[in-house]
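Per Swiss-Prot, the features are:
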- 1-17: signal peptide (SIGNAL)
- 33-255: domain 'Peptidase S1' (DOMAIN)
- Cys59-Cys75: disulfide bond (DISULFID)
- His74: active site, charge relay system (ACT_SITE)
- Asp119: active site, charge relay system (ACT_SITE)
- Cys182-Cys198: disulfide bond (DISULFID)
- Gly206: site 'Required for specificity' (SITE)
- Cys208-Cys232: disulfide bond (DISULFID)
- Ser212: active site, charge relay system (ACT_SITE)
Amino acid sequence: MLRKVFAVVSVLLVVSAAKVTKLVLDDHYVNRVVGGEVAKNGSAPYQVSLQVPGWGHNCGGSLLNNRWVLTAAHCLVGYEPSDLMVLVGTNSLKEGGELLKVDKLLYHSRYNRPQFHNDIGLMRLEQPVQFSELVQSVEYLEKAVPVNATVRLTGWGRTSTNGNVPTLLQSLNVVTLSNEDCKAKMGNPKNVDLGHVCTLTKAGEGACNGDSGGPLVYEGKLVGVVNFGVPCGRGFPDGFARVSYYHEWVRTTMANNS
């Protein structure tokens with residue numbers, strides 16, 4: 001699967017798909033995500049694609065309601081609202097869905113790079129989205145997701161470190177780790193703090209460039225936002241912003257900018 005930010009040994013690399021190189025769609029890889037499978041149409045109606053006009057897919061995100069998208073801060077830094085659009089209502093980057101304009105970008109005031117602490121942000125849509133069978137919001141979990149829980153990761157991330165972007169949305173079940181286990185397995189404990197939740201399955205499975213900002217879901221509720229990892233699917237944990245840790249920031253930020 002995809003991911004935009006990846007830690008290589010102890011160094012975090014931010015791979016901004018739009019700013020570095022254009023992501024090339026490749027139907028040959030449509031069934032070859034890193035350990036995942038093609039998501040059934042409509043199975044993740046909250047999933048959106050953050051698009052850069054003229055480039056295409058750059059990051060993932062989640063619809064929280066008809067005006068707000070939750071994503072990673074590093075997907076927003078350096079952009080103006082007019083630089084980004086949000087694709088909703090489709091599992092395909094080539095057809096279907098609707099592109100929506102954005103009128104506000106907000107990210108956590110204590111977002112830290114290169115550790116990627118507080119790597120969480122919000123996008124406000126210019127106009128309310130119309131919900132349908134393929135476009136739905138997702139609730140977020142206000143309590144911590146359990147350790148050793150099976151959670152679902154979706155995204156249009158690369159199928160391998162240097163692979164192309166799959167045309168269709170990919171889905172992968174992964175398992176949550178304790179932060180202590182995550183720090184030990186990551187080999188860089190400074191990158192993991194209370195605001196993170198980590199997942200791991202095995203080598204050959206995980207997030208990759210382009211998944212950043214996308215959703216991690218547990219029992220139908222949003223628990224994580226893709227932040228960082230070791231590219232790609234190499235048997236190291238992936239790190240996510242822990243939504244329960246930031247739920248008050250999310251709530252107040254939306255309320256203060258409604």
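Just so it is clear, glycine is given a Cβ too, placed from its N, Cα and C backbone atoms.
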Running the recorded positions Asp119, Cys182, Gly206, Ser212 through a 10 angstrom C-alpha radius around His74 (active site, charge relay system) leaves Asp119, Ser212
Smallest Cα-Cα separation from Cys59 (disulfide bond) among the recorded positions Asp119, Cys182, Cys198, Gly206, Ser212 is shown by Ser212
As a whole number of Å, the Cα atom of Cys198 (disulfide bond) is distant from the Cα atom of Cys232 (disulfide bond) by 15
Per the 10 Å Cα distance test against Gly206 (site 'Required for specificity'), the recorded positions Cys75, Cys182, Ser212, Cys232 reduce to Cys232
Cys75 (disulfide bond) and Ser212 (active site, charge relay system), compared by Cα position, are separated in whole Å by 7
Cys182 (disulfide bond) sits from Ser212 (active site, charge relay system) (Cα to Cα, rounded, in Å) at a distance of 19
As a whole number of Å, the Cα atom of Cys232 (disulfide bond) is distant from the Cα atom of Asp119 (active site, charge relay system) by 20
Rounding to whole Å, the Cα atoms of Cys208 (disulfide bond) and Cys182 (disulfide bond) are apart by 18
